[in-house]
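Enquirer: Here's a structure for you.
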Amino acid sequence: MLALLLIGLCATVSAYSDDWDIFTYTQEWPVAVCIKGKEEHHTCTIPPGVQGWGIHGMWPTKTGTEGPTSCGTQPFHADAITPILPHLKIMWPNMYADTSVYSFWEHEWSKHGTCASSLNATSTEYRYFSKALDLYARFNGQTILANQGIVPSQTATYDIKTSEAALKKELGVNALIQCTYDHNTSRQVIYEIEICLSKNFEPVDCYPDEGNTSGKRSHHHHKYSSHPHSSCPESYGFYYPPIDGVYSNPN
């Protein structure tokens with residue numbers, strides 16, 4: 001009886017972890033990470049080698065939901081990612097200096113990476129993080145935005161509709177821009193870019209056009225969005241401050 005129970009439990013876990021159809025490939029702007037981190041009383045430091053967007057995560061997602069999460073019990077092993085550690089520190093940096101070096105990656109693996117194990121390309125910890133790094137070159141937020149004239153600036157503001165339209169021109173599908181509010185400057189600052197990818201790692205259109213409320217729900221839904229899912233305001237622009245500007249050391 002116990003053996004049958006364990007078999008049933010394993011089958012349930014396996015089925016649950018495979019209950020997803022896309023990745024939400026999310027990048028974060030380091031300046032905004034530190035703005036949010038300061039408000040959460042973290043000591044935030046942008047490492048000297050970090051010059052662009054950082055990976056936030058690669059989240060297995062069932063379209064129309066925010067999950068699954070924490071799908072398995074595979075423990076995080078720091079040794080598994082030692083070969084790619086220098087790349088992770090630059091492209092997937094942990095900017096909270098008051099946490100352990102590995103804490104960000106451990107969190108992302110436990111919450112999201114364990115759900116990706118049903119796919120061969122991301123079936124192990126090493127493969128999961130390596131694949132996310134490989135995708136960075138292709139979907140680099142700074143390059144994609146710059147191709148459409150959206151570049152870091154201390155003074156420029158950008159319209160959310162125009163900016164998301166620019167992403168669609170580059171990717172061929174809708175993508176999502178998130179903002180965060182900086183209470184020190186009373187400015188909305190670009191925070192994240194979310195791009196949906198198929199299990200073959202091709203862009204897919206999981207976000208509806210404005211006015212269509214069906215489709216994927218955002219991880220950061222906000223009550224005053226221009227896009228049905230974006231947290232950026234419609235009535236005024238957001239800022240995209242450079243990493244080496246006055247924002248670089250918000251503490």
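Glycine residues also receive a Cβ, built from the backbone N, Cα and C atoms like all the rest.
For 1-15, the entry in TrEMBL reads signal peptide. The annotation active site is assigned in TrEMBL to His56, Glu108, His112. According to TrEMBL, the feature region 'Disordered' maps to 212-232. Among the features that TrEMBL reports, compositional bias 'Basic residues' is placed at 216-226.
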Enquirer: Give the sequence-ordered list of residues that share a chain with Glu108 (active site), lie 6 or more positions from it, and have CB atoms under 8 Å from its CB.
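Expert: Same-chain residues close to Glu108 (active site) (Cβ under 8 Å, separated by 6 or more) are Gly57, Met58.
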Enquirer: Quick check for the class: what is the C-alpha distance, in angstrom and rounded, between His56 (active site) and His112 (active site)?
Expert: 11
Enquirer: With every protein chain in view, what's the tally of Cβ atoms within 10 Å of the Cβ of His56 (active site), excluding that atom itself?
Expert: 23
Enquirer: Counting across all protein chains present, how many other Cβ atoms fall within 10 Å of the Cβ of His112 (active site)?
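Expert: 24, counting other Cβ atoms within 10 Å of His112 (active site).
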